[in-house]
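Report on one structure; see the data block that follows.
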Amino acid sequence: MIYGYARVSTVSQSLEEQVNELTQKANIPLKNIYREKYTGTTTKRPEFSKLLKQLKSGDTLYVTKLDRFARNTREALNAVEPLLNNGIKISVLNLGTIENTPMGKMILRTLLSVAEMERDLIVERSREGKEFAKKNNPNFHEGRPKRKITPHYQAIYEYTQNHSYNETARAFNVSKSTVYRISKQIKNGH
């Protein structure tokens, strides 16, 4: 049986693009593709865990790129080696099939190390870019820009002066956390 695994860890990555590649290039039925959307730092992958329970000796697991297995070399090896040892082939669309042979394992370790190094370099360049911007751009600030205080926000804030946050949330049809955030923003003068 053939299965596919698609995982994104950032907003800029496309889950559907990976799914399309798996269906078109490897002819994997949609029902056999397990999809995961997570931030880059989480290691919990419930869909991958479900997939592992499905895989049997003789099956082939397809991914679009080797780094879709994990965030780092150790994590990927911990996921991939048991699969290979259980007779499951791993096919990486942009590389080929990795099998449980000494050469296959060496290639796997080498490729994972290179992928991890590339990710580390991207993070390092990003950090350096932010540091440069902080030093050379007086208007630079990290994160999302503050929301402008609109007349609607001002009305919500003024309503909180005589009403509870719950009452304000109901009156303006917003969440209590929105009322709290707006009040805090206006109190702090942002």
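Cβ coordinates are placed from backbone N, Cα and C, and glycine is handled just like the others.
Feature annotations, reproduced from TrEMBL:
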- 1-137: domain 'Resolvase/invertase-type recombinase catalytic' (DOMAIN)
- S9: active site, O-(5'-phospho-DNA)-serine intermediate (ACT_SITE)
Determine how many residues of the domain 'Resolvase/invertase-type recombinase catalytic' (1-137) DSSP places in helix, in strand and in coil.
75 helix, 23 strand, 39 coil
Can you tell me how many other Cβ atoms are located within 10 Å of the Cβ belonging to S9 (active site, O-(5'-phospho-DNA)-serine intermediate)?
17
